[in-house]
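Enquirer: Dropping a structure here in structure tokens format, bear with me for questions.
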Amino acid sequence: MAKRPNSDPSDSNKLLSIMAQPFRWLKMLSSELNPSFIAGVVLVYGLSHGFSGSYFKVVSDYYWKDVQKLQPSVVQIYIGIYTIPWVMKPIWGLLTDAFPVRGYLRRPYFVIAGVVGTASAVAVAMKEGLGILGALGLLIGISAAMAIADVTIDACIVRSSIEVRWLAQDLQSLCGACSSIGHLIGYSTSGVFVHLLGAQEALGILAIPPAMIIVLGFFIHEPRSSTLQSYGKPKGESLKQVGVAIRDTCKAIKYPHVWKPALFMFLCLSLSISTHEGQFYWYTDKKAGPAFSQESVGLIYAVGSAASLIGVLIYHKTLRDVKFRRILFFAQLFYGVAGLLDVVFILRWNLALKIPDELFVVLEECVSRIVSRIRWTPMMVLNTRLCSVGIEGTFFALLACIDSLGMLCSKWSGGLVLHALGVTRSDFRNLWLVVLLRSLLRFVVLAFVFLVPDASQSDILVPSDQTVSRKSSTIVEEDGDSIPLVSMKGEGRG
């Protein structure tokens, strides 16, 4: 009997090397940047942005549908309303840049975000007989907590991306990976908690992530400076800093290579009208739709989040050196094609092709999430490339606000279209037409891709006169003290 050949030791070594790559990558980031900063990125993007965002999306959908019993078009308008805290990100960014609390610029705002989010989540879960306006106000509080934490960590990320340029793509890959993993956990558990606890009570789980953000506010590294003591500093000084930040922000946004890509990102998001609520109601309808259960809806989204990780990997390994205009053109093109799969599903053509609903919707969700991640990541890299040191929190928040305005327009215009075409809780005859219109508008965006700079993702896009006075890693106050906002351990390559 012939002996089975021994496995090649080099194969197992290669496998271990591949498995160890993410850990080596995180170690490299931690060595170049402060480890507590990397932990903060993981916590905010993974737990607050990823888990809370996905869990909130599913559970609040069921809350409005089953507890408040609203029409899908109305729910979409309400969702747009609690997107407003994200539109207000320039205000949060301005606060984190110019209004310190006891010598700290970033840490206090993590604590504030955590307290607001925890209190709002507990209140909405425990308050019986909660009216629509009360529920809307508390959900706005949860959304505001996520937005404040997001803009605070973004200010640190932008500073790092400016000062160690070769890590900008790596940081966005880390954000994307953490967000996708958080989404995976949030989506996969949301349906289960709705089934076990009920839609309103399940919202109480959202108190856990902001509670962790409070802890982050106490341990993330940020040197305390006596020049930033709010209680010992004249109010006029802070107002002067606000004026300087606003002036520099207005100056920066006037540059064509800044406002043009910002306009493209707004059009990219606003023209793709949202049809989510109409599709969600159809997913769960027992007569017109496939009647997916609560657990199934969460699982479908969870699989999509897992696929989103593939999008992060594809970008990180093969697309990080592709020019902005080229990658965004093809990503938007495939995004429009992926949208047509929703039309196929709503018209039930998948059944004519002998493809079960469960299999088709999983395939559609995977394709859509992979393309969305590849499309979104270079947009975030582009945003960091457009920022200047010293106003990074304010200016990145302004760019994020423009993106949020685009998403708000998408939500509200989608709600109006759903209402205009008569899509209700029980009537889905024209839903396919709404989704088709959305998909066609995605192709229209391709006509505006010329607004994106035909530059490499590692190029410097901000003019030298925007960075020359702010190019050091510290802000120098009038009394001579220097304040490092993000602790850096290395200056990068070369």
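Including glycine, each Cβ sits where the backbone N, Cα and C put it.
Nobody curates TrEMBL annotations by hand; they come from automatic prediction.
Residues or ranges marked as transmembrane segment by TrEMBL: 37-56, 76-95, 107-126, 132-153, 174-196, 202-220, 263-284, 296-315, 327-349, 389-410, 431-452.
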Enquirer: Which of 132-153, 202-220, 431-452 has the most Cβ pairs closer than 8 Å to the transmembrane segment (37-56)?
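Expert: It is 202-220, which has the most Cβ pairs under 8 Å.
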Enquirer: Other than its close neighbours in sequence, what residues sit by the transmembrane segment (107-126), given a CB gap under 8 Å and a spacing of at least six beyond its ends?
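Expert: Same-chain contacts beyond the flanks: 40, 48, 52, 92, 95-96, 100-101, 135, 138-142, 144-146, 148-149, 152, 200-207, 209-218, 220, 222.
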Enquirer: By a Cβ-Cβ criterion of under 8 Å, what residues six or more beyond either terminus of the transmembrane segment (132-153) are in contact with it?
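Expert: Tertiary neighbours of the transmembrane segment (132-153) are 40-41, 44-45, 48-49, 52-53, 56, 60, 63, 68, 70, 78, 81-86, 88-89, 92-93, 96, 106, 109-110, 112-114, 116-121, 123-124, 203, 206, 210, 213, 393, 396-397, 400.
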Enquirer: Which listed range (76-95, 174-196, 202-220, 263-284, 296-315) shows the maximal number of Cβ pairs under 8 Å with respect to the transmembrane segment (431-452)?
Expert: 263-284
Enquirer: Are there three or more C-beta pairs under 8 angstroms joining the transmembrane segment (263-284) and the transmembrane segment (327-349), sequence spacing 6 or more?
Expert: yes
Enquirer: Flag the pair the transmembrane segment (76-95) / the transmembrane segment (202-220) as in contact if three or more Cβ pairs fall under 8 Å (sequence separation 6 or more).
Expert: no
Enquirer: For the transmembrane segment (263-284), could you work out the same-chain residues 6 or more beyond its ends whose Cβ comes under 8 Å from its Cβ atoms?
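Expert: Contacts of the transmembrane segment (263-284) (Cβ under 8 Å, skipping residues fewer than 6 from its ends): 61, 65, 72-73, 75-76, 79, 290-292, 297, 328, 332, 335, 339, 342, 346, 361, 379, 382-383, 399, 402-403, 405-407, 409-411, 413-415, 417-418, 423, 425, 428, 431, 434-435, 437-438, 441-442, 444-445, 448-449, 451-452.
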